[in-house]
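Reading through the structure tokens given below for one structure.
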Number of protein chains: 2
Amino acid sequence: MPTINLGKFLVNRLKELGLDTIFGVPGDYNMPFLDVIEDDPELKWGNNANELNASYAADGYARVRGIGAVVTTFGVGELSACNGIAGSFSEMVPVVHIVGTPNTKSQASGALLHHTLGNGNFRVFQQMFAEITVANTQLSIANSTLHAIREIDRCLTECMLRRRPVYIGFPIDLMSAEVDVSESDLQPLQIQRPKNPENTQASCLKFVLQEIERAKKPIIIVDACAIRNEVQADVERLMDKTGFPTYVAPMGKGAVHEAKSNYRGCYAGTVSLEQVAEEVHQADLILEIGSLQSDFNTGGFSYNLDKEKIIAFHTSLTSVFHATFEGVGMNEFLPLVIDNLPKSLTETDWKDLPPPAHTQSIQPEDAPVITHNYLWNKLSDYLEPRSIIVSETGTAEFGVFNLRAPHDCKYISQVLWGSIGYSVGGATGAAAADRSRRVYLFVGDGSFQMTAQEVSSMLHTGLTPVIFLLNNNGYTIEKLIHGKHRDYNNYQMWKYADTFKYMGAELEINTKNARQSVVGYQGKVNTREEFEKAMEQVKQQSNKIHFIEVIMPQFDAPRELLLQVATSENR
Amino acid sequence: MPTINLGKFLVNRLKELGLDTIFGVPGDYNMPFLDVIEDDPELKWGNNANELNASYAADGYARVRGIGAVVTTFGVGELSACNGIAGSFSEMVPVVHIVGTPNTKSQASGALLHHTLGNGNFRVFQQMFAEITVANTQLSIANSTLHAIREIDRCLTECMLRRRPVYIGFPIDLMSAEVDVSESDLQPLQIQRPKNPENTQASCLKFVLQEIERAKKPIIIVDACAIRNEVQADVERLMDKTGFPTYVAPMGKGAVHEAKSNYRGCYAGTVSLEQVAEEVHQADLILEIGSLQSDFNTGGFSYNLDKEKIIAFHTSLTSVFHATFEGVGMNEFLPLVIDNLPKSLTETDWKDLPPPAHTQSIQPEDAPVITHNYLWNKLSDYLEPRSIIVSETGTAEFGVFNLRAPHDCKYISQVLWGSIGYSVGGATGAAAADRSRRVYLFVGDGSFQMTAQEVSSMLHTGLTPVIFLLNNNGYTIEKLIHGKHRDYNNYQMWKYADTFKYMGAELEINTKNARQSVVGYQGKVNTREEFEKAMEQVKQQSNKIHFIEVIMPQFDAPRELLLQVATSENR
């Protein structure tokens, strides 16, 4: 029987799944596993400033690369990551949370160790995480060494299939244990999605095709779960083959190539641009792909589309009007629909549609001050194709709804979970996930303060995002919701533009393998002219990290946020 | 029947229990409650930079003032505070965690709101917190308005009695609800500790007095739970009345007036000063008050005292050698023992003890560089009586073991939970809890990065701690435990000494009620001479906030930490 080092086995599996960076923070219960990571020439260590940020980074990374991982230490470390992991659960992002736990002997004897609750219960944190993960385990070789191997494979399989986080407790003494494996355990992990039920699917297909053929004014709305299930290529084929007007919900932004002629904009009920809402409400058939109808994704539940018109493609079911076809998941079903579309689709009644609403740029008021209206309109002059746009919960998240971005951009925002501070860690992960893409981070001053130290990790690991610090002097989204002039919505202002300097961009670095970012623009812009000048430098220096503190009027917000607030007055 | 605003009722109860500051972060599910806090002239808002820091601050505050409170928002906010609350549970600190939750209608209908897991389960976070609190509730007036009132009182009572955190979920629509109360509910909350069982206690007392009388070499060891149960005055009386040599465990540091002639030092097994260990091992009777035998509190379980010699006073039981007297808690029992001590205690055999070990200052090596040996010896020249000394898990925590501090100092450190970064939030809370005492914060560079933004709250709310940033270029405690030259134990260095400047100490502040700290010393010291010069300024300017970046040799550590690491090599 062959043997393998258990830490090495887990690391190999993570690499098989596509990981090249693992995030986290060292702790005295996880360091032997960090040795394995550091010794692997194909892996990089995220070097995060704290565990919450590390979990955000793993989430941002997973959104770009299909999976992410974070390593924490028992108790103190893992609980700090708890909000990040819950966010990944809520937003359906596959993240592997590996927790270094005390050695198996101490656990068995209930020793009164540091990082415990002092009650000898070593399972309590795992139990807490059971609520926000789709699989959890504590590795053990007490009965069989194969058990640990099988548990790792089970958790990773669940993570990949269900697109949600899993928890692997890894006792410190097992990290370098040599364990027996069978030959087949050393083969790459085979992850197979369960097949859709054949007859149900056939019946559903017939129904769907018939309705598509019959429709006069069909449209497509693409949402969050299209991205989570990675069906963007299918969506593109569907758009091309049908020519149907296509929309995204806010969380579906990025699932569709916006340059396509039949892309028509972002639909979010009363928070939509007027023309978008009008078009959507005229439709007689709506192909809804991966819909997730949360408050912020539907204009505060003003989505209001008639179920009689909706064919909804979900992760593991399809509904046609009021009929549900259980088990008919989109990954297998969408291609089937596309392949079987009638050769010549009935001519639809969508004729002479005006140019899409979002392409009609709104003329910003003529003033030197940088308003949201100006900012989100102007940005499209600068963004490159294949950019990754990370927008913080708050003003930025809503500004992005109608942003005109070039081909193949990716949008990252926590529209459902909405944890402020997420974007700084998320951008770190996204930037690490694909260094060939430019990352634009839009974060408000309040959110930035939550997780600011992560800029330090960006600098240390040579990442080069463009950071826009939208400084509007307080928690603007909160002020718009409640307590506009309250003290609790204000706090200490910082010299944000000095962030790189403060976090040592010019100091020597103390690790062998780090590659420090080269700093480009760092400063504060008060006017449109200053902003545009800064952006010219940003555009030219694509291999540098930039920090632009954008001074904005207090209480100014994107139109979409103001509309959203109006819908949720009574939440 | 009288009525009361429910938010106001909770705030009044918190004030009754001694709170004048509530920590937390605004969120759209908690703001109406923040209105009540802001409108109360007797209350201050903590204005923390994030929820983890806020929970640490509430913990630090509670350690000084007997109770603390933190307000977070549903999901994202509360989970970020989770590590802090678990720390309060582990270390037995009474903290009230108030979570603003969605309105009762949305909860009942399972609406797909932001900050949820998207599964309609509004109890999941409360369930997670059930593992790390001693009481939890979700306020409701559905069946009876009195229910909410009673639940608040139940949770606060549990918090005070069991000295551990509680969780109160407060739906946003109930925060300003007027509810009926009975007259008696408006009276101050009566919290009564259950009485010890009379006969068991009488029998125990007899046994204890007899053993005390018989002993030839009796000693006292005071530990964590003496502080948690606030029996410091009893300890003082016991020391005075008996004259027995008295020691503290590391977590008991601060429970004893160290200036007393029979205080002999800190006992932690093999991590003790040699003379201390020798004395303790000679004892024939050990009065152990509030013992908590965790790894870092016992020199890695090298405490090793003979149960045949130990009378242990615990929170709710007393043990005399191998006999356990259930229900005989120290709060009632200790005074009884002290009052009944024989008028003239048998002359003990403790004669001609040399001066206590910790008062014999260790001559630091003759070098300009600032070593731990120098630092912890030198500090006693500067500390004032009534200081609060907050030491971070890591080198600082161990440096404090044998620190000679003046009269009536308080020590705050997470010896059991050990979450790095705690001390920055903890010091914020401690400083807010008693502005008449000076707070000295000792934090390492790695720990500081975890929670650095809390310095911003200190500045904003006019707190004036003295911050020592012990810069030894990486995670030194981790390096000593494992991976001395590993990359993962290093990270980006910052210009720490610029922290006040970066965090806007010189900028205008934007809240009506804030009072910005006045900055004293801020800079970096490389040599003993520079350190001593800085300390002169610190000493003179007691009403200012100071920041001293202390450059220390890499790998240098207090003797106590090196001994501790040796004990835990095989954890």
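Even glycines carry a Cβ here, placed using N, Cα and C.
What you see is a predicted model, and the numbers here were worked out from it, not measured in a lab.
In this view, B:Asp445 (Mg(2+) binding site) is surrounded by 23 other Cβ atoms within 10 Å of its Cβ, with every protein chain counted. The Mg(2+) binding site annotation in TrEMBL covers B:Asp445, B:Asn472, B:Gly474.
Annotation source TrEMBL lists domain 'Thiamine pyrophosphate enzyme N-terminal TPP-binding' at B:5-111.
A mean pLDDT of 94 is what the model gives for the domain 'Thiamine pyrophosphate enzyme central' (B:207-315). Per TrEMBL, domain 'Thiamine pyrophosphate enzyme central' is recorded for B:207-315.
Annotated domain 'Thiamine pyrophosphate enzyme TPP-binding' per TrEMBL: B:407-550, in sequence order.
Note: B:Gly474, taken in sequence order from the binding-site residues B:Asp445, B:Asn472, B:Gly474, have a C-beta within a distance under 8 Å of a chain A C-beta. What surrounds the Mg(2+) site, by Cβ distance within 8 Å of the Cβ centroid and not counting B:Asp445, B:Asn472, B:Gly474, is the set B:Gly444, B:Gly446, B:Leu470, B:Asn471, B:Asn473, B:Tyr475, B:Thr476, B:Met552, B:Gln554 from the same chain. Every protein chain shown contributes to the tally, and the Cβ of B:Gly474 (Mg(2+) binding site) ends up with 24 other Cβ atoms within 10 Å.
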